(Lines of atoms letter the chains of each structure in order from A and count residues from 1; the text may use other names and numbers.)
(Lines give C-alpha, C1' and ligand atoms only; values in the text may rest on other atoms or scores of the structure.)
Protein backbone atom coordinates (compact mmCIF):
# COMPACT_ATOMS: atom_id res chain seq x y z
CA UNK A 1 0.00 0.00 0.00
CA UNK A 2 0.99 3.59 -0.38
CA UNK A 3 3.25 5.34 2.09
CA UNK A 4 1.09 7.94 3.91
CA UNK A 5 4.05 10.01 5.08
CA UNK A 6 3.49 13.76 4.93
CA UNK A 7 6.86 14.30 3.28
CA UNK A 8 6.13 15.72 -0.22
CA UNK A 9 9.20 13.99 -1.63
CA UNK A 10 7.68 10.62 -0.78
CA UNK A 11 4.15 11.46 -1.98
CA UNK A 12 2.88 8.93 -4.49
CA UNK A 13 0.47 9.66 -7.36
CA UNK A 14 -1.98 7.57 -9.36
CA UNK A 15 -0.46 6.88 -12.78
CA UNK A 16 -3.92 7.20 -14.43
CA UNK A 17 -5.70 10.22 -12.92
CA UNK A 18 -2.74 11.97 -11.27
CA UNK A 19 -4.32 12.25 -7.82
CA UNK A 20 -1.98 11.99 -4.83
CA UNK A 21 -2.19 9.32 -2.17
CA UNK A 22 -3.72 11.90 0.19
CA UNK A 23 -6.67 12.57 -2.17
CA UNK A 24 -7.80 8.95 -2.43
CA UNK A 25 -8.63 6.15 -0.03
CA UNK A 26 -6.27 3.55 -1.46
CA UNK A 27 -3.31 3.61 -3.83
CA UNK A 28 -2.26 0.23 -5.19
CA UNK A 29 1.35 -0.17 -6.27
CA UNK A 30 2.65 -2.17 -9.20
CA UNK A 31 6.01 -2.31 -10.99
CA UNK A 32 6.78 1.42 -11.46
CA UNK A 33 3.05 2.32 -11.60
CA UNK A 34 0.25 3.12 -9.15
CA UNK A 35 -3.53 3.04 -9.45
CA UNK A 36 -6.07 4.54 -7.04
CA UNK A 37 -9.34 2.99 -5.85
CA UNK A 38 -11.36 5.51 -7.91
CA UNK A 39 -9.69 4.44 -11.17
CA UNK A 40 -10.17 0.77 -10.27
CA UNK A 41 -13.89 1.43 -9.78
CA UNK A 42 -14.05 3.29 -13.10
CA UNK A 43 -12.36 0.38 -14.87
CA UNK A 44 -14.88 -2.03 -13.34
CA UNK A 45 -17.76 0.15 -14.57
CA UNK A 46 -16.33 0.09 -18.10
CA UNK A 47 -15.92 -3.70 -18.01
CA UNK A 48 -19.48 -4.17 -16.70
CA UNK A 49 -20.87 -1.91 -19.44
CA UNK A 50 -18.92 -3.74 -22.14
CA UNK A 51 -20.16 -7.09 -20.84
CA UNK A 52 -23.74 -5.83 -20.79
CA UNK A 53 -23.59 -4.42 -24.33
CA UNK A 54 -21.85 -7.41 -25.88
CA UNK A 55 -25.17 -9.10 -26.56
CA UNK A 56 -26.01 -12.71 -25.76
CA UNK A 57 -23.10 -14.62 -24.26
CA UNK A 58 -24.59 -17.85 -22.98
CA UNK A 59 -27.48 -20.16 -23.64
CA UNK A 60 -29.19 -18.72 -20.57
CA UNK A 61 -29.05 -15.31 -22.26
CA UNK A 62 -31.07 -16.45 -25.28
CA UNK A 63 -34.81 -15.93 -24.69
CA UNK A 64 -37.00 -18.96 -25.31
CA UNK A 65 -39.28 -18.93 -28.37
CA UNK A 66 -42.26 -18.36 -26.06
CA UNK A 67 -40.56 -15.37 -24.41
CA UNK A 68 -39.71 -13.87 -27.80
CA UNK A 69 -43.27 -14.42 -29.02
CA UNK A 70 -44.75 -12.83 -25.88
CA UNK A 71 -42.74 -9.63 -26.42
CA UNK A 72 -43.68 -9.56 -30.10
CA UNK A 73 -47.33 -9.74 -28.99
CA UNK A 74 -46.85 -6.49 -27.05
CA UNK A 75 -45.89 -4.57 -30.19
CA UNK A 76 -47.28 -6.45 -33.19
CA UNK A 77 -50.96 -7.33 -33.50
CA UNK A 78 -52.03 -10.60 -35.13
CA UNK A 79 -49.70 -12.63 -37.38
CA UNK A 80 -49.47 -15.43 -34.80
CA UNK A 81 -48.04 -17.98 -37.26
CA UNK A 82 -45.32 -15.59 -38.46
CA UNK A 83 -44.40 -14.78 -34.85
CA UNK A 84 -43.98 -18.46 -34.01
CA UNK A 85 -41.82 -19.05 -37.09
CA UNK A 86 -39.64 -16.02 -36.29
CA UNK A 87 -39.37 -16.84 -32.58
CA UNK A 88 -38.10 -20.36 -33.24
CA UNK A 89 -35.73 -19.26 -36.03
CA UNK A 90 -34.17 -16.44 -34.00
CA UNK A 91 -33.86 -18.57 -30.84
CA UNK A 92 -32.10 -21.32 -32.80
CA UNK A 93 -29.83 -18.80 -34.55
CA UNK A 94 -28.44 -17.27 -31.34
CA UNK A 95 -28.34 -20.63 -29.56
CA UNK A 96 -26.22 -21.82 -32.50
CA UNK A 97 -23.82 -18.88 -32.05
CA UNK A 98 -23.42 -19.47 -28.33
CA UNK A 99 -22.57 -23.15 -28.84
CA UNK A 100 -20.33 -22.74 -31.87
CA UNK A 101 -17.26 -24.97 -31.71
CA UNK A 102 -18.62 -27.10 -28.84
CA UNK A 103 -19.63 -29.97 -31.11
CA UNK A 104 -18.43 -31.70 -34.27
CA UNK A 105 -21.76 -30.96 -35.95
CA UNK A 106 -21.74 -27.56 -37.63
CA UNK A 107 -25.14 -25.87 -37.48
CA UNK A 108 -26.00 -23.93 -40.64
CA UNK A 109 -27.44 -20.42 -40.52
CA UNK A 110 -31.13 -20.02 -41.33
CA UNK A 111 -31.92 -16.63 -42.83
CA UNK A 112 -35.58 -15.62 -42.96
CA UNK A 113 -37.95 -14.45 -45.71
CA UNK A 114 -41.07 -12.51 -44.67
CA UNK A 115 -43.84 -12.37 -47.26
CA UNK A 116 -46.93 -10.26 -46.73
CA UNK A 117 -48.87 -7.25 -48.02
CA UNK A 118 -47.88 -3.64 -47.33
CA UNK A 119 -48.43 -2.48 -43.76
CA UNK A 120 -48.93 -5.93 -42.21
CA UNK A 121 -45.99 -5.68 -39.76
CA UNK A 122 -42.93 -7.14 -41.53
CA UNK A 123 -40.56 -4.29 -40.64
CA UNK A 124 -41.91 -3.92 -37.11
CA UNK A 125 -41.37 -7.63 -36.44
CA UNK A 126 -37.71 -7.37 -37.45
CA UNK A 127 -37.15 -4.18 -35.42
CA UNK A 128 -38.77 -5.69 -32.33
CA UNK A 129 -36.66 -8.84 -32.59
CA UNK A 130 -33.47 -6.78 -32.52
CA UNK A 131 -34.75 -4.85 -29.50
CA UNK A 132 -35.58 -8.07 -27.62
CA UNK A 133 -32.14 -9.54 -28.25
CA UNK A 134 -30.20 -6.29 -27.71
CA UNK A 135 -28.20 -6.69 -30.91
CA UNK A 136 -27.32 -4.11 -33.59
CA UNK A 137 -29.99 -3.72 -36.25
CA UNK A 138 -30.10 -2.01 -39.63
CA UNK A 139 -32.54 -1.77 -42.50
CA UNK A 140 -31.80 -1.60 -46.20
CA UNK A 141 -34.02 -0.97 -49.21
CA UNK A 142 -33.28 -3.51 -51.94
CA UNK A 143 -34.50 -1.11 -54.64
CA UNK A 144 -31.54 1.24 -54.01
CA UNK A 145 -28.92 -1.51 -54.35
CA UNK A 146 -26.88 -2.21 -57.47
CA UNK A 147 -23.96 -4.45 -58.35
CA UNK A 148 -20.53 -3.14 -57.36
CA UNK A 149 -19.18 -0.70 -59.91
CA UNK A 150 -22.55 0.71 -60.98
CA UNK A 151 -24.31 3.89 -59.92
CA UNK A 152 -26.26 3.14 -56.76
CA UNK A 153 -25.61 1.70 -53.33
CA UNK A 154 -23.17 -1.19 -52.95
CA UNK A 155 -24.38 -4.28 -51.12
CA UNK A 156 -21.49 -3.92 -48.67
CA UNK A 157 -22.93 -0.57 -47.57
CA UNK A 158 -25.51 -2.65 -45.67
CA UNK A 159 -22.69 -4.00 -43.50
CA UNK A 160 -21.38 -0.46 -43.02
CA UNK A 161 -24.79 0.62 -41.68
CA UNK A 162 -24.78 -2.32 -39.28
CA UNK A 163 -21.28 -1.36 -38.16
CA UNK A 164 -22.46 2.20 -37.53
CA UNK A 165 -25.43 0.88 -35.55
CA UNK A 166 -22.98 -1.03 -33.33
CA UNK A 167 -20.81 2.09 -32.91
CA UNK A 168 -18.05 0.41 -34.93
CA UNK A 169 -17.81 -2.52 -32.53
CA UNK A 170 -16.98 -5.22 -35.08
CA UNK A 171 -17.66 -8.10 -32.68
CA UNK A 172 -21.18 -6.83 -31.91
CA UNK A 173 -21.88 -6.09 -35.58
CA UNK A 174 -21.02 -9.69 -36.45
CA UNK A 175 -23.94 -10.85 -34.25
CA UNK A 176 -26.43 -8.29 -35.56
CA UNK A 177 -29.61 -8.45 -37.61
CA UNK A 178 -30.04 -6.99 -41.11
CA UNK A 179 -33.51 -6.41 -42.55
CA UNK A 180 -33.64 -6.03 -46.34
CA UNK A 181 -36.99 -4.66 -47.48
CA UNK A 182 -38.57 -4.78 -50.95
CA UNK A 183 -36.71 -7.91 -52.07
CA UNK A 184 -39.61 -8.63 -54.39
CA UNK A 185 -38.45 -5.61 -56.44
CA UNK A 186 -35.09 -7.22 -57.32
CA UNK A 187 -36.50 -10.15 -59.24
CA UNK A 188 -35.41 -11.08 -62.74
CA UNK A 189 -36.87 -8.75 -65.32
CA UNK A 190 -37.79 -11.79 -67.46
CA UNK A 191 -37.81 -15.57 -67.17
CA UNK A 192 -35.07 -15.96 -69.77
CA UNK A 193 -31.47 -14.89 -69.14
CA UNK A 194 -30.63 -11.74 -71.06
CA UNK A 195 -27.46 -10.80 -72.88
CA UNK A 196 -27.60 -7.38 -71.15
CA UNK A 197 -26.70 -7.09 -67.47
CA UNK A 198 -29.55 -6.71 -65.01
CA UNK A 199 -27.64 -4.66 -62.42
CA UNK A 200 -30.60 -3.80 -60.20
CA UNK A 201 -32.48 -7.11 -60.37
CA UNK A 202 -30.75 -10.46 -60.70
CA UNK A 203 -27.39 -8.70 -60.31
CA UNK A 204 -28.34 -7.54 -56.80
CA UNK A 205 -29.50 -11.03 -55.87
CA UNK A 206 -26.09 -12.36 -56.95
CA UNK A 207 -24.32 -9.66 -54.94
CA UNK A 208 -26.37 -10.45 -51.82
CA UNK A 209 -25.57 -14.17 -51.97
CA UNK A 210 -22.06 -13.90 -50.54
CA UNK A 211 -22.83 -11.68 -47.56
CA UNK A 212 -25.94 -13.72 -46.71
CA UNK A 213 -24.05 -17.01 -46.81
CA UNK A 214 -20.99 -15.68 -45.03
CA UNK A 215 -17.94 -13.77 -46.19
CA UNK A 216 -15.40 -11.32 -44.84
CA UNK A 217 -16.55 -7.96 -46.15
CA UNK A 218 -14.06 -5.11 -46.49
CA UNK A 219 -16.00 -2.06 -45.40
CA UNK A 220 -14.73 1.53 -45.86
CA UNK A 221 -15.33 3.27 -42.50
CA UNK A 222 -16.54 6.47 -44.15
CA UNK A 223 -18.77 4.72 -46.69
CA UNK A 224 -18.81 5.58 -50.37
CA UNK A 225 -16.86 3.89 -53.12
CA UNK A 226 -13.69 1.94 -52.47
CA UNK A 227 -10.26 3.04 -53.66
CA UNK A 228 -6.86 1.39 -53.22
CA UNK A 229 -5.49 3.91 -50.70
CA UNK A 230 -8.43 3.46 -48.35
CA UNK A 231 -8.31 1.60 -45.04
CA UNK A 232 -10.96 -1.07 -44.55
CA UNK A 233 -12.65 -2.73 -41.61
CA UNK A 234 -12.99 -6.50 -41.94
CA UNK A 235 -16.45 -7.79 -40.96
CA UNK A 236 -17.32 -11.50 -41.04
CA UNK A 237 -20.97 -11.86 -42.08
CA UNK A 238 -21.20 -15.58 -41.26
CA UNK A 239 -23.17 -15.02 -38.05
CA UNK A 240 -25.23 -12.01 -39.11
CA UNK A 241 -28.92 -12.90 -39.36
CA UNK A 242 -30.51 -11.65 -42.58
CA UNK A 243 -34.27 -11.12 -42.70
CA UNK A 244 -35.68 -10.27 -46.12
CA UNK A 245 -39.17 -8.92 -46.63
CA UNK A 246 -41.47 -8.02 -49.48
CA UNK A 247 -45.12 -7.71 -50.50
CA UNK A 248 -44.68 -10.01 -53.54
CA UNK A 249 -47.75 -8.61 -55.30
CA UNK A 250 -48.97 -11.13 -57.86
CA UNK A 251 -47.39 -14.14 -56.13
CA UNK A 252 -50.85 -15.36 -55.14
CA UNK A 253 -51.71 -15.74 -58.84
CA UNK A 254 -48.70 -18.01 -59.35
CA UNK A 255 -49.74 -20.10 -56.34
CA UNK A 256 -53.31 -20.34 -57.64
CA UNK A 257 -52.12 -21.25 -61.13
CA UNK A 258 -49.99 -24.08 -59.75
CA UNK A 259 -53.12 -25.76 -58.44
CA UNK A 260 -54.96 -25.54 -61.74
CA UNK A 261 -54.66 -27.76 -64.76
CA UNK A 262 -53.94 -26.27 -68.16
CA UNK A 263 -56.11 -28.70 -70.13
CA UNK A 264 -58.69 -27.35 -72.57
CA UNK A 265 -61.55 -28.93 -74.51
CA UNK A 266 -64.64 -30.91 -73.65
CA UNK A 267 -62.84 -33.31 -71.32
CA UNK A 268 -61.09 -30.63 -69.27
CA UNK A 269 -62.02 -30.01 -65.65
CA UNK A 270 -63.69 -26.64 -65.18
CA UNK A 271 -62.47 -25.02 -61.95
CA UNK A 272 -64.23 -22.17 -60.21
CA UNK A 273 -62.47 -18.88 -59.52
CA UNK A 274 -60.35 -19.01 -56.37
CA UNK A 275 -62.06 -16.97 -53.64
CA UNK A 276 -59.39 -17.44 -50.96
CA UNK A 277 -57.67 -14.43 -49.45
CA UNK A 278 -54.08 -13.51 -50.32
CA UNK A 279 -52.80 -14.46 -46.87
CA UNK A 280 -54.52 -17.85 -47.04
CA UNK A 281 -52.95 -18.53 -50.43
CA UNK A 282 -49.50 -17.47 -49.18
CA UNK A 283 -49.84 -20.28 -46.64
CA UNK A 284 -49.54 -22.77 -49.53
CA UNK A 285 -46.33 -21.20 -50.85
CA UNK A 286 -43.69 -23.50 -52.34
CA UNK A 287 -40.10 -22.52 -53.29
CA UNK A 288 -40.93 -23.12 -56.97
CA UNK A 289 -43.46 -20.26 -56.76
CA UNK A 290 -40.67 -17.86 -55.75
CA UNK A 291 -38.56 -19.06 -58.69
CA UNK A 292 -41.41 -18.33 -61.09
CA UNK A 293 -41.82 -14.92 -59.47
CA UNK A 294 -38.23 -14.09 -60.43
CA UNK A 295 -35.95 -14.98 -57.55
CA UNK A 296 -32.92 -17.03 -58.56
CA UNK A 297 -32.55 -20.54 -57.05
CA UNK A 298 -29.39 -19.66 -55.11
CA UNK A 299 -31.12 -16.68 -53.45
CA UNK A 300 -34.14 -18.77 -52.44
CA UNK A 301 -31.74 -21.38 -51.06
CA UNK A 302 -30.17 -18.78 -48.73
CA UNK A 303 -33.61 -18.13 -47.18
CA UNK A 304 -34.71 -21.50 -45.78
CA UNK A 305 -37.16 -20.07 -43.22
CA UNK A 306 -40.24 -18.53 -44.83
CA UNK A 307 -42.92 -16.76 -42.76
CA UNK A 308 -46.07 -15.54 -44.48
CA UNK A 309 -48.17 -12.71 -43.10
CA UNK A 310 -51.83 -12.03 -43.76
CA UNK A 311 -53.83 -8.91 -44.57
CA UNK A 312 -55.01 -7.02 -41.51
CA UNK A 313 -58.80 -6.82 -41.18
CA UNK A 314 -60.75 -3.96 -39.61
CA UNK A 315 -60.71 -5.46 -36.10
CA UNK A 316 -56.93 -5.96 -36.24
CA UNK A 317 -56.37 -2.37 -37.38
CA UNK A 318 -58.56 -1.03 -34.55
CA UNK A 319 -56.53 -3.11 -32.11
CA UNK A 320 -53.30 -1.72 -33.61
CA UNK A 321 -54.66 1.79 -33.10
CA UNK A 322 -55.40 1.27 -29.41
CA UNK A 323 -53.72 -1.75 -27.77
CA UNK A 324 -49.91 -1.93 -28.29
CA UNK A 325 -47.58 -0.17 -25.87
CA UNK A 326 -46.79 2.47 -28.48
CA UNK A 327 -50.25 2.53 -30.10
CA UNK A 328 -50.96 5.51 -32.35
CA UNK A 329 -54.01 6.63 -30.37
CA UNK A 330 -51.88 6.64 -27.18
CA UNK A 331 -49.23 8.72 -28.96
CA UNK A 332 -51.71 11.38 -30.09
CA UNK A 333 -53.42 11.39 -26.70
CA UNK A 334 -50.03 12.15 -25.16
CA UNK A 335 -49.52 15.02 -27.63
CA UNK A 336 -52.88 16.51 -26.62
CA UNK A 337 -52.07 16.03 -22.92
CA UNK A 338 -49.08 18.30 -23.45
CA UNK A 339 -51.65 20.97 -24.43
CA UNK A 340 -53.69 20.13 -21.28
CA UNK A 341 -56.48 18.53 -23.31
CA UNK A 342 -57.89 15.01 -23.44
CA UNK A 343 -58.27 13.35 -26.85
CA UNK A 344 -61.14 10.86 -27.22
CA UNK A 345 -62.05 8.65 -30.18
CA UNK A 346 -65.51 7.11 -30.35
CA UNK A 347 -65.76 3.44 -31.29
CA UNK A 348 -67.35 4.23 -34.66
CA UNK A 349 -64.51 6.68 -35.38
CA UNK A 350 -61.90 3.98 -34.82
CA UNK A 351 -63.79 1.60 -37.11
CA UNK A 352 -64.03 4.31 -39.78
CA UNK A 353 -60.27 5.00 -39.58
CA UNK A 354 -59.54 1.29 -40.00
CA UNK A 355 -61.97 1.15 -42.92
CA UNK A 356 -60.17 4.01 -44.70
CA UNK A 357 -56.82 2.24 -44.29
CA UNK A 358 -58.29 -0.91 -45.86
CA UNK A 359 -59.73 1.12 -48.77
CA UNK A 360 -56.31 2.68 -49.39
CA UNK A 361 -54.65 -0.76 -49.20
CA UNK A 362 -51.94 0.71 -46.98
CA UNK A 363 -52.48 -1.53 -43.95
CA UNK A 364 -51.22 -0.34 -40.57
CA UNK A 365 -48.65 1.91 -42.25
CA UNK A 366 -51.40 4.23 -43.49
CA UNK A 367 -53.03 4.79 -40.09
CA UNK A 368 -50.74 7.64 -39.05
CA UNK A 369 -51.37 9.67 -42.19
CA UNK A 370 -55.14 9.28 -41.70
CA UNK A 371 -54.89 10.51 -38.10
CA UNK A 372 -52.68 13.42 -39.14
CA UNK A 373 -55.26 14.44 -41.74
CA UNK A 374 -58.13 14.23 -39.24
CA UNK A 375 -56.38 16.13 -36.44
CA UNK A 376 -54.39 18.68 -38.46
CA UNK A 377 -56.68 21.70 -37.99
CA UNK A 378 -57.28 20.94 -34.32
CA UNK A 379 -53.55 20.57 -33.60
CA UNK A 380 -52.99 23.88 -35.41
CA UNK A 381 -55.65 25.77 -33.40
CA UNK A 382 -55.36 24.11 -29.98
CA UNK A 383 -52.21 25.86 -28.68
CA UNK A 384 -53.98 29.22 -29.17
CA UNK A 385 -57.22 28.22 -27.42
CA UNK A 386 -57.91 28.49 -23.69
CA UNK A 387 -59.77 26.12 -21.37
CA UNK A 388 -60.16 23.27 -23.87
CA UNK A 389 -60.75 20.23 -21.68
CA UNK A 390 -61.48 17.52 -24.26
CA UNK A 391 -61.36 16.91 -28.01
CA UNK A 392 -63.78 14.28 -29.33
CA UNK A 393 -63.41 12.56 -32.71
CA UNK A 394 -66.45 10.70 -34.08
CA UNK A 395 -67.33 9.00 -37.37
CA UNK A 396 -68.45 12.26 -39.03
CA UNK A 397 -65.02 13.75 -38.36
CA UNK A 398 -63.29 10.78 -40.01
CA UNK A 399 -65.55 11.01 -43.07
CA UNK A 400 -64.77 14.73 -43.42
CA UNK A 401 -68.31 15.92 -42.67
CA UNK A 402 -67.39 17.64 -39.39
CA UNK A 403 -64.52 18.95 -37.31
CA UNK A 404 -63.51 17.43 -33.94
CA UNK A 405 -65.75 18.56 -31.08
CA UNK A 406 -64.08 20.81 -28.52
CA UNK A 407 -65.37 20.57 -24.95
CA UNK A 408 -64.31 23.47 -22.77
CA UNK A 409 -63.61 23.35 -19.06
CA UNK A 410 -66.83 25.27 -18.36
CA UNK A 411 -68.62 22.58 -20.44
CA UNK A 412 -69.35 24.91 -23.35
CA UNK A 413 -69.37 22.96 -26.61
CA UNK A 414 -68.63 24.18 -30.10
CA UNK A 415 -67.11 22.72 -33.28
CA UNK A 416 -63.45 23.46 -33.90
CA UNK A 417 -62.64 26.29 -36.26
CA UNK A 418 -61.30 25.31 -39.66
CA UNK A 419 -57.70 26.43 -40.04
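Every residue gets a Cβ built from N, Cα and C, even glycine.
For 2-55, the entry in Swiss-Prot reads domain 'ClpX-type ZB', with the evidence type sequence analysis. Here Swiss-Prot flags 14, 17, 36, 39 as Zn(2+) binding site, drawing on sequence analysis. Here Swiss-Prot flags 117, 118, 119, 120, 121, 122, 123, 124 as ATP binding site.
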Residue 124 (ATP binding site) versus binding-site residues 14, 17, 36, 39 - nearest by Cα: 39
Distance [Cα-Cα, Å, rounded] between residue 119 (ATP binding site) and residue 14 (Zn(2+) binding site): 59
Separation of alpha carbons, residue 121 (ATP binding site) and residue 39 (Zn(2+) binding site) (Å): 47
Closest of 120, 121, 122, 123 to residue 36 (Zn(2+) binding site), Cα positions, binding-site residues only: 123
Cα proximity to residue 17 (Zn(2+) binding site), best match among binding-site residues 118, 121, 123: 123
Sparsest-packed among the binding-site residues, when each Cβ's other Cβ atoms within 10 Å are tallied, from 14, 17, 36, 120: 17
Cα separation, residue 14 (Zn(2+) binding site) to residue 118 (ATP binding site) (Å, whole number): 61
Number of other Cβ atoms within 10 Å of the Cβ of residue 117 (ATP binding site) across all protein chains: 20
Cα proximity to residue 14 (Zn(2+) binding site), best match among binding-site residues 117, 120, 121, 122, 123: 123
